[in-house]
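According to Swiss-Prot:
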ACT_SITE  Asp130  active site, proton acceptor
BINDING   Leu15, Gly16, Glu17, Gly18, Ala19, Tyr20, Gly21, Glu22, Val23, Lys38  ATP binding site
COMPBIAS  280-291  compositional bias 'Low complexity'
COMPBIAS  298-320  compositional bias 'Polar residues'
CROSSLNK  Lys132  ubiquitin cross-link
CROSSLNK  Lys436  ubiquitin cross-link
DOMAIN    9-265  domain 'Protein kinase'
MOD_RES   Ser280  phosphoserine
MOD_RES   Ser286  phosphoserine
MOD_RES   Ser296  phosphoserine
MOD_RES   Ser301  phosphoserine
MOD_RES   Ser317  phosphoserine
MOD_RES   Ser345  phosphoserine
MOD_RES   Ser463  phosphoserine
MOD_RES   Ser467  phosphoserine
MOD_RES   Ser468  phosphoserine
REGION    1-265  region 'Interaction with CLSPN'
REGION    267-329  region 'Disordered'
REGION    391-476  region 'Autoinhibitory region'
Amino acid sequence: MAVPFVEDWDLVQTLGEGAYGEVQLAVNRITEEAVAVKIVDMKRAIDCPENIKKEICINKMLNHENVVKFYGHRREGNIQYLFLEYCSGGELFDRIEPDIGMPEQDAQRFFHQLMAGVVYLHGIGITHRDIKPENLLLDERDNLKISDFGLATVFRHNNRERLLNKMCGTLPYVAPELLKRKEFHAEPVDVWSCGIVLTAMLAGELPWDQPSDSCQEYSDWKEKKTYLNPWKKIDSAPLALLHKILVENPSARITIPDIKKDRWYNKPLNRGAKRPRATSGGMSESSSGFSKHIHSNLDFSPINSGSSEENVKFSSSQPEPRTGLSLWDTGPSNVDKLVQGISFSQPTCPDHMLVNSQLLGTPGSSQNPWQRLVKRMTRFFTKLDADKSYQCLKETFEKLGYQWKKSCMNQVTVSTMDRRNNKLIFKINLVEMDEKILVDFRLSKGDGLEFKRHFLKIKGKLSDIVSSQKVWFPVT
């Protein structure tokens, strides 16, 4: 069951955890509107109140179609609530196939929208500082929106620009000048991160662990060894643009106005007929069978204590995506009630609550939004019942050396290290659906592409029990 929050609104699921608190999903039980609620415990760290105040101030400045909306905030004692748009198309990383990428025309379209969002941010003096696919969300029309401004800062005010000196972001996406511990301009740093995102979209992999001379892949790039991966998978026109973006000297790096003049950026790409997308989870979608799904618009980046610009802040996590609700344009009057309300209580096991449609189905409603499954590429049906499927999963985890625990009814939390020796955590739910068992994988912390690689490895180990049954998502 959902937990009442304020009048007509329920808290129905935890979306992510971070250094200072968590993100919950709030749903209006009458209109089915959905809003992400960032719940912050201000006592978690000395610098928490100042950081949250800064995040709220920045969010209040934002209003653009390619940036997530900020609805408002309120505080109760030591708890601060931030209310934000809840996007319905998922995270960008879910559209990137590991080691393959995505169709070039899709990458170009997303890159256009990313540029539009970044141009807007820079135009009002804001730098994001943690641009990556986990922080780029899609709405129900596949329009890209930039999310999570926990590391963002103002670099220009009243036409006066200040240099930055803080190391923050996610290592594979940061610009090389950040690692030199010197002052640097803000805008070229975001441009560099956008270039890494474009590389990931076109090649399905990140080019290096970090842009330093100690990294062989980065040295190879500087020596123009484009016959190596990932560059050899990228066509010459977009590769030429990447050669202008991923330039070590920030003063020589291409600017966004010049990116917009680039040949590939302006090249009309033939989209052709829209084909059903075969997914790595044995699912498919078609233009006649599409279900909206909801994902969080927050990434809780870990923040170290201390507020000076010299602090190192690297992000390595993102929220867990997680329920299949219809999302309509959120009405201001309803959100006002949510922002101003005062009642709050905590769900005991929200992940299981929402994944198991039997728990939240409303009697008499054969197609109510609670029963719609999240559309995601990382899932499959098994040929076994729940208990036997669970046993096979446990055996596979042990063979692969994963740490795991049963964290909730029909849910397993798995921890491991990725190829960069960073923590990777994902959750697996076993869901009974049409008398079949669906094994649903969701990223909790870590790199999205690494998560998908581990999913494919696990699925391969379980090939004997994986069903070929596909799910066709209904029109909503």
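In case you wondered, yes, glycine gets a Cβ from its N, Cα and C as well.
Between the CA atoms of Ser463 (phosphoserine) and Gly21 (ATP binding site) there is a gap of 38 Å. The recorded sites considered are Lys132, Lys436; of these, Lys436 has the fewest other C-beta atoms within 10 angstroms of its C-beta. Considering only the recorded positions Gly21, Val23, Asp130, the residue whose Cα is spatially closest to the Cα of Ser468 (phosphoserine) is Val23. Separation of the C-alpha atoms of Lys132 (ubiquitin cross-link) and Gly21 (ATP binding site): 22 Å, rounded to the nearest whole number. Gly21 (ATP binding site) falls within a strand segment according to DSSP. Counting residues per DSSP class in helix, strand and coil order gives 24 helix, 36 strand, 26 coil for the region 'Autoinhibitory region' (391-476).
Within the group of modified residues (Ser463, Ser467, Ser468), the Cβ with the highest number of other Cβ atoms inside 10 Å belongs to Ser467. Within the set of recorded positions Asp130, Lys436, Ser467, the entry lying nearest in space to Val23 (ATP binding site) is Asp130 (CA atoms).
Other C-beta atoms found within 10 angstroms of the C-beta of Val23 (ATP binding site) number 25, with every protein chain shown included.
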